Amino acid sequence: MLDKFIIEFDKGLRTLCAPAASQRPHPDEAIGDAPLSEAEKRHALGLMRVNHCGEVCAQALYQGQALTARDPAAREALREAAFEEVEHLAWTERRIRELGGRVSLLNPVWYTGSLALGVAAGLLGDKWNLGFLEETEHQVEAHLNSHLDKLPEQDAKSRAIVAQMRDDEMRHADMARDLGAARLPLPVRGAMKLTAKIMTGSSYHL
Ligand SMILES: [Fe+2]
Ligand SMILES: [Fe+2]
């Protein structure tokens, strides 16, 4: 038990403090920097900070869910998806630096909350655990699509990252559905949307 705790604590510290690495090339690798006004840069930075914070939450959720998932196939799928979320972390992290900013100061708070939520979802059993995952990914997909509307038109680098992340999240949702995810009740879906709204609103500024 203590070993398990130390391993998970170490994962958390790494997510929050160590730079993430990507095995795939960054989606904006081949794209040059376009000139952005100060206001556009600030706006793109805020949006990418929100996306980075979302990926920190994804790490914690998957980590919590994998800890409590019963079916080995579900556990394995969660670990695989978590691996791609690390790449998302790496992409958004680098883009934030290029835009001249820093990651959200609230990341540790959201990480801790998401980890608890992931553990709780896992304890409800695999079909609800996967249902929670599928719903999260659908909401993230919609959120990323909205960012494609909001990001400055000429910021092709941030847009390429967000578009690839959106495609990955859609795949994660399909994977959860194929593994037997249950549809979450409407009030739960609503509560998740509300929580995400608070997260995005706060990490844009902080
Ligand atoms: Fe992601
Ligand atoms: Fe995902």
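Using the three backbone atoms N, Cα and C, a Cβ is placed for every residue, glycine included.
A TrEMBL annotation is a machine prediction, not a hand-curated record.
Straight from TrEMBL, the features:
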- Glu55, Glu85, His88, Glu169: Fe cation 1 binding site (BINDING)
- Glu85, Glu137, Glu169, His172: Fe cation 2 binding site (BINDING)
Environment of Glu55, Glu85, His88, Glu169, the listed Fe cation 1 site - residues of the same chain whose CB lies within 8 A of the CB centroid: Gly54, Ala58, Glu84, Glu87, Leu89, Val140, Met165, Asp168
Distance [Cα-Cα, Å, rounded] between Glu169 (Fe cation 1 binding site) and Glu137 (Fe cation 2 binding site): 5
Neighbouring C-beta atoms (10 Å sphere around the C-beta of Glu169 (Fe cation 1 binding site)): 25
Whole-number Å value for how far Glu137 (Fe cation 2 binding site) lies from Glu85 (Fe cation 1 binding site) (Cα to Cα): 11
Glu55 (Fe cation 1 binding site): tally of other CB atoms within 10 A of its CB: 25
Fe cation 2 site shell beyond Glu85, Glu137, Glu169, His172, criterion: Cβ within 8 Å of Cβ centroid: Ala58, Ala81, Glu84, Leu133, Thr136, Val140, Glu141, Asp168, Met170, Arg171, Ala173
His172 (Fe cation 2 binding site), number of other Cβ atoms within 10 Å: 25
Inter-residue C-alpha distance, His172 (Fe cation 2 binding site) and Glu55 (Fe cation 1 binding site) (nearest angstrom): 13
C-alpha spacing of Glu55 (Fe cation 1 binding site) relative to Glu137 (Fe cation 2 binding site), in angstrom: 11
Count of other CB atoms lying within 10 Å of the CB belonging to His88 (Fe cation 1 binding site): 26
Contacting binding-site residues, sequence order - Glu55, His88, Glu169 vs ligand 2, Cβ under 6 Å: Glu169
Cβ neighbour count (within 10 Å, all chains shown) around Glu137 (Fe cation 2 binding site): 24
